[in-house]
C-alpha cells in the first residue's frame, strides 16, 4: 500500500496548494482576470450540491467583489487613482463576517478538499473496516438516493433545454460513457487476466453513469462546469436503460445478470430521487433555498461514507487481490482520462470542453456500481472492482484536475 500512501500525500499537497491559491489575496486586476471566466461558468450552472454547489455558494461573495472591482475600474481608470482607492480601502474599517458567511467560506474550503477526504476515508476503511460496519447496504441505498436527490433539487426544465443548445459535446460525452468505457473496461480486464468475477465488476464500473464528483474536479481544472453538469445529468438519466442493457450484453456469458433488477434499482435510486428533487425545486422553492447552503457538506459526508462502506465491505478481498486489480483499475481510469481529452481535441473541441469531457470520462459513479453489484450479482467478488475503483477514480480525477489547474487555457472557442 506504499503506492496508495504516496498518492494520498502528493494529491493532498497539490490540492492544498490550489486551495491556498484561492484563499490568498491577489491584485485586483489579476484576480478578476483569473476568476471571472470560472465564476461565470459556475454562475450559469446548477451543479450537484453534494460536490459542486459549494463553488456556486462561494461564488456569491466573489460576484459581489467582481462587481465592485468593475465599478472601481470604470470610475478610477488611472494608476494613481487606483493606488488612492487601494489605500483608502486599506484604511476603511473592515466589515465583520457574519456566522453564516464564515460557514459558507468554511464549507467551500472543506468541499474543495473532497478528493483528499475520499482517499483518507478509503484508507481508514481498508485497515479499520469495523469502523464502517454499521453502514450496511440499506443505508448505502438511502445515501446514494440522497445524493441523487441533491442533484435533482438543483435541476429545472431549463437545464434540459440547455443540453439542446450544446448537443455535440453532450453527445460525445454520452458515447464515451456508454460505448468507449464499457468496451475498454472489458478489454482492460481481459488484458490483465482478471478472474471472471473481477471482469464482471470492472465492466459494471464501465457501464454506469458519470460521477457527481466530476463537477468539482472540472471546476478545479478550469473546465466548463455548466457542461459538466449537463453531461453528468445526461449519463445519469441514461443509466436507467443503458446500464442493464450493457451488463446483459457484455456479461451475460460470464456471470448471471439480472437485467430487470438492475433497471428497477436504477429507477429507484437514480430516477425517482431526481424527479422528486425537481418537483421540490419547482413547488417547494423556498424550502429548497433554505436547505441548499447545507447540502454541500452533507453531500460530501454522505459520499465519504459511501466510499468507506464499499471499501470496508471488501477490505479482505481488496488486500488479497494483489496488485493486478489495482494496476488494472488505475490503468483503466488514467487511459480513460487521456483518451477523453485527446479525442475531443482531435475533433476540434475547445481546450475547456476537452478538459471537461476528460474528467467526465475518467470519473464514474463507482459507488452506484458497488450497490448494483451488491444487490444483483450473487458472487461477492463482483463487488471488489467497484470498491477499488471508488478510490482510484477519485485519485485520477483530482490529479488531472490539479495538473490542469496550473496549465493556462489557451483557447476559449466553443
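Note: Cβ is positioned from N, Cα and C throughout, glycine not excepted.
Listed features, source TrEMBL:
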type	residues	note
SIGNAL	1-21	signal peptide
TRANSMEM	139-156	transmembrane segment
TRANSMEM	168-187	transmembrane segment
TRANSMEM	199-221	transmembrane segment
TRANSMEM	233-254	transmembrane segment
TRANSMEM	260-279	transmembrane segment
TRANSMEM	291-311	transmembrane segment
TRANSMEM	323-344	transmembrane segment
TRANSMEM	365-381	transmembrane segment
TRANSMEM	387-407	transmembrane segment
Maximum Cβ pairs under 8 Å to the transmembrane segment (233-254) among 168-187, 199-221, 260-279, 365-381 is reached by 199-221
> Per the 3+ Cβ pairs under 8 Å rule, pairs at least 6 apart in sequence, do the transmembrane segment (387-407) and the transmembrane segment (323-344) touch?
Replying inline: yes
Relative to the transmembrane segment (323-344), the stretch among 139-156, 168-187, 260-279, 291-311 with the most Cβ pairs under 8 Å is 168-187
Highest Cβ pair tally under 8 Å against the transmembrane segment (365-381), stretches 139-156, 168-187, 199-221, 260-279, 291-311, lands on 199-221
Exercise for the section: Report yes or no: does the transmembrane segment (291-311) come within contact of the transmembrane segment (139-156), defined as 3 or more CB pairs under 8 Å with a sequence separation of 6 or more? Expected result: yes
Spatial neighbours of the transmembrane segment (260-279) not adjacent in sequence (6+ beyond its ends, CB under 8 Å) are 141, 144-146, 148-156, 209, 236-237, 239-241, 243-244, 247, 368, 371-372, 375-376
